[in-house]
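Colleague: Okay, handing you the structure first.
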Amino acid sequence: MKVKLSLIALCLVLAAMLAACGGEAKKDEQKDEQGDVKTGEIAAPAKVVLGVAGAHSGDLASYGLPTVNAAKLVAKKINAEGGINGAMVEVVAQDDQCKPELATNAATKMLSDGVKIVLGHICSGATKAALPIYLDGKIVVMSPSATNPPLTQSGEYPNFFRTIAPDDAQAALEVSFAKSLGLKKVAVIHDKGDYGKGFATFCQQFIDADPEIEVVLFEGVTPGAVDYSAVVQKIKSSGAEGVIFGGYHPEASKIVTGMRKKDMDMPFLSDDGVKDETFIKVAGKYAEGVYATGPMDFSSNTIYQEAVAAHKAEFNADPGPFFPEAYSAALALLNAVKVAGGTDYDKLIDALHNSYVETAVGKIKFDAKGDAEGVGFAVYQVKDGKYQEVK
Amino acid sequence: MDYFLELFMGGLTRGSIYALIALGYTMVYGIIELINFAHGEIYMIGAFTGLIVAGLLTMLGFPGASILVIAIVCAVIWAAAYGYTLEKVAYKPLRNAPRLSPLISAIGMSIFLQNYVMLAQTSDFLPFPELIPHFAFLENLGTIMSSAELVIILATVASCVGLTLFIKFTKLGKAMRATAQNRKMAMLVGINVDMVISATFVIGSSLAAVGGVLIASHIGQINYFIGFIAGIKAFTAAVLGGIGSLPGAMLGALVLGLTEAFATGYVSSDYEDVFAFMLLVLILIFRPSGIMGKEKAQKV
């Protein structure tokens, strides 16, 4: 009897919750309708709507909000200069919290609002979920931060572009740099983590595809283990001429220290998890000569400097992650509208592929797959206790 | 053959470090049947003390080898003080509580000490100076084993021998053995059991501190979290050898270190931990009390 009572109580509670949800949903709809009516009223022919989608709330908001700020700054700048062919730019934001299910909602909303260009999404998973909707609706999408390689490389989404280099670009650079050092046999070591192992696997794929260079050892180490002497011995006996490591600096510095103490002077190459001042501090003299790839340095770019200054003036804070990429993406999208003379889908795509635009990440256009040309990684080497770009 | 020897020496070094920490686990368990989960943190505090002292001495211009000795001595004193306090604060009030209470208290202290060091120092990795100087000892052995590894192995052997002699031949050692055998009876014959327990914590902490300074100087970096994994591994070694037994802890630590080194060398470092814990499971199936552990008759 007790069980039955509690069951009934549970059902009642559930029913009450459902009702509450329904009520809220209705309220939202009403709000939306009002919103639509309003935009309808303002809607004048001379207007370009720039949709911004991404995580604007929730635990990943710090990745998404800089994109909104970037879009607002670009819109303000262009409007101050008289707009695009006389049309004012308006920024409309949609929150997806980096959740795929909310991302599809956001995409549908963009579609129903008639937005033609979208800056976003932030996370690769959310982007992937939203892309089919944008493709059906012939909306051009450009992400400042979704680095998952298949998003562009699968060729499924000709409407998708990005101003950040995909994950595998770093591995490709790493391998071609290893080749330029004259390495024939490489040991690929990783830390078993998502990031480190992913990077190492990409490196292995690129090396396997190249007959001139081979992987003689592919292994993961346990982060936090007391020492790595056994792995170091293994690298030594594998006959490797160099080491590529995927992972973060604590493991890298332990492995490098162990290698150098055993008089193994072979090149040590790593990723942007190791291109970190802490690595040099911890590995000390053993860090000298270590190569690491990392994002290109844009701090000398004038547009980048202007954008950061504008952000400080407007929001009284330093810009967050992916800000330069987002600023550049907004510039690239709006430039395409200008070149295409409107928001016609085919003309927009054409403009993005063919006309160069000056942005915070350099002068870019987009390749056939949708990745920005010229954006990417650079190789750095520790010299005199500092990372210096290898030219 | 060289490859085998190199792995063997690497495994021996790693095993030595485990042994220095495992001795503390096994001694404490032998005396009050408590698994002191905060022991790994004592090792970490020893390493941090070594870092701070070594930094100070380097600034004052002391010569290389004397820094190592003074740093170890300071680390031992400081870690022993922590071990002593730990026992007084976290375990003594719970001496007669149910078995689970001190265990929970130990886990709590472990987390507390980690966070305390993280806040007091930093959560970043810190470079640790190479305190063990490079020296050539044997022409062809030098390529197989570095001087640091030699020093670590020798220091461990010395500590183990010293500890064994101490337990065997001193009055306090005898009192410790008596307390381990039967605490109530020891009390009845006039042994100051509280003092014996404190001494056990102090000795265990000192050994862990020696291990902490030596390994930190060998691998060149520390942070507040190093005690956790080293503690788990040393605890595994102690159980492997038979918890409560001193020679067992040493043997278990060496077996564990060598297993990990050979698993990495001949199979893959992916499986380092898999093999280590597989070994533990196998031993516990066939010898539930560990390699050197004795089947204990239930006291009635």
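Placed from the backbone N, Cα and C atoms, the Cβ positions cover glycine too.
According to TrEMBL, the protein carries these features:
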TRANSMEM  B:15-35  transmembrane segment
TRANSMEM  B:42-61  transmembrane segment
TRANSMEM  B:67-85  transmembrane segment
TRANSMEM  B:97-117  transmembrane segment
TRANSMEM  B:144-167  transmembrane segment
TRANSMEM  B:188-216  transmembrane segment
TRANSMEM  B:274-293  transmembrane segment
Colleague: By a Cβ-Cβ criterion of under 8 Å, what residues six or more beyond either terminus of the transmembrane segment (B:97-117) are in contact with it?
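Modeller: Distal contacts: 33-38, 40-42, 44-45, 48, 82, 86, 89-91, 224-225, 227-228, 231.
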Colleague: Which range out of B:15-35, B:67-85, B:188-216 gives the transmembrane segment (B:144-167) the most CB pairs under 8 Å?
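Modeller: Per the Cβ under 8 Å count, B:15-35.
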Colleague: Would you mind listing the long-range same-chain contacts of the transmembrane segment (B:15-35), meaning Cβ under 8 Å and 6+ residues beyond its ends?
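Modeller: Hits for the transmembrane segment (B:15-35): 42-43, 83, 91, 95, 99, 102-103, 106, 152-153, 155-157, 159-160, 163, 176, 179-180, 183, 196-197, 200-201, 203-205, 207-208, 210-211, 214-215, 230-231, 233-235, 237-238, 241, 243-246, 248-250, 252-258.
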